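Database features, via TrEMBL:
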type   : residues : note
DOMAIN : 6-438    : domain 'NAD-dependent DNA ligase N-terminal'
DOMAIN : 436-455  : domain 'Helix-hairpin-helix DNA-binding motif class 1'
DOMAIN : 470-489  : domain 'Helix-hairpin-helix DNA-binding motif class 1'
DOMAIN : 502-521  : domain 'Helix-hairpin-helix DNA-binding motif class 1'
DOMAIN : 534-553  : domain 'Helix-hairpin-helix DNA-binding motif class 1'
Amino acid sequence: MEQRKEPTPRQRELTELLARYAAAYYEQDAPLVSDQEYDALYDELAALERASGVSLPGSPVRRVGGAPQGGFLPHTHLARLWSMDKVRTAGGLREWAARARRLAADLGEPQFALEYKFDGLTVNLTYEGGRLVTGATRGNGVTGETITAQVRTIRSLPERIPFTGRMEVQGECIMRLSVLEAFNRTADEPLKNARNAAAGALRNLDPAVTAARRLDCFCYNVGYIEGRRFADQREMLAFLEENGFPVSPLVRYCTSEEELLAGIAEVERTRGALDFLIDGMVVKVTSFAMREALGETEKFPRWAVAYKFPAEETTAVVEDVTWEVGRTGKLTPLAHLSPVELCGATIRRATLNNYDDILRKRVGLGSRVFIRRSNDVIPEILGSVPDDAPRAPVEKPACCPRCGAHVEQRGAHLFCTNSLSCRPQIVGRIAHYASRDAMDIESLSGRTAEQLVDAFGISTIPELYGLTAERLVPLERFGPKKAQNLIDALEKSKRRPLSAFLFALGIPNVGVKTARDLARRFGTLAAVRAAGREELLAIDDVGDIVADSILDFFGDPSISAQVDALLAHGVDPQPEA
């Protein structure tokens, strides 16, 4: 009898970790790590799965994108939307092209199309009778979210087209960098980057928010069409342009790998001048007959590949290191740099993971360090220049920089032990509780949370529900209308879905997806609080780390008392729809 193959412990660890990172990226539009870090872990997991011959349920290697979010109706695509395999070197691209030639040898020599790999959010547009009838996100490739009202705010997309048959068109929605800059000049809370700005706008339930961000879209594929066939990529793109669709401003047709690599190198040199983010180039076999012969894997088409750019690097001087305190009390070092330009943006700050990271990378005050913008967005310190001599070391804090309380080491990170009265922790917890994916309390931003903490000494979430409009009116930037709006929003939040409430509580390692899985599995808050370890581990994507976090959270007497206080204030989490 053949011995049953089992996944390795490292496979289990990576599957759980990458599922959490993917949920943050695809579902919350809030990446936890850079693309480069994610890709390295992904490649490691893919290699382990090939070696073991098995994969765990929920493995991101088997998934196309993110699961549909709550709040939008699900949409089933007429044809599957594929993810894209990736290469990062000239050798990798040559290997891909050689494999394509070998598999389609009977059909002659392939021609390739080279296009920008836009860094935005993929949308799938359905047209019937010459009209746009549905806009949807990619989701998991089979089912996405219906965002038709949001898509209609994108002026570059046609509402009506000459072609009257039924078809699906895929495009990438982006926010131009010039638009982002103009938006941030007058915004109360500036947007962090163009990619998240576009994704967040399309996933906002209010189309007015989407419209205010003036998104653009570049269409690149007809995924499904009735009554029409295309011979190749040229013909398909010409059809899109004839029907008024915006397409990539760069499409280059090449017959050899050397032409492709020359085109890629040219774009890599000049991409800093573009008014939108790209994180690589896409290479496609142009002939549709060859595409059919090449086919697809479980996740990727064999006829296309993404060439990922290496993150751009330069050096800067570390002028200072300060410590940020998050809602969990974790202290994160922030490096203040001499200003440098990367990919058209001025970089003045970069995060360091923890104190061990500072030591490992030999970062000191006055150090000249290599920095990189992974994914063209996130500044990362790689390490100090060889033989660099800093003027002073970075001191490890013994006390919280915000409240002065004792700091303790937990694993790789430092934590402030004063969870009861440390201001940034309290403000962070309130802002998280009020966020859109949590209790969705409009008007309760981070700035407002700071006001409430300073004015009323609020230190716990239940105290929010004791506020009155009369107490709020005297506050700066408040008035009768805003005060009443906040009270109404607090009252409305009392009947949010159970998954939103669980996410709002801030359980460590529990994101939007895990909160939704818990709500669907157990049905009520009481059942979640009473769940045992084995019951938790029976849920897909819940491993030992997540299960322990949930058990420790609800087992904490002070947390349990706060949850009880919320219920006493009338908070009544509703079953999932």
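If you go along the chain as it appears here, the first residue is 1 and each next one adds 1.
Backbone N, Cα and C atoms are what each Cβ position is placed from, and that goes for glycine too.
Remember, TrEMBL labels are computer predictions, not curated facts.
By the count of Cβ pairs under 8 Å, the stretch nearest in packing to the domain 'NAD-dependent DNA ligase N-terminal' (6-438) among 470-489, 502-521, 534-553 is 502-521. Residue counts for the domain 'Helix-hairpin-helix DNA-binding motif class 1' (436-455) by DSSP state, with H, G and I taken as helix and E and B as strand, are 10 helix, 0 strand, 10 coil.
Each residue of the domain 'Helix-hairpin-helix DNA-binding motif class 1' (470-489) gets a DSSP state, and the totals for helix, strand and coil are 13 helix, 0 strand, 7 coil.
Predicted-model confidence for the domain 'Helix-hairpin-helix DNA-binding motif class 1' (436-455) is 93, expressed as mean pLDDT. Residue counts for the domain 'Helix-hairpin-helix DNA-binding motif class 1' (534-553) under DSSP, helix first, then strand, then coil, are 14 helix, 0 strand, 6 coil.
The DSSP breakdown of the domain 'Helix-hairpin-helix DNA-binding motif class 1' (502-521) into helical (H, G, I), extended (E, B) and coil residues amounts to 13 helix, 0 strand, 7 coil.
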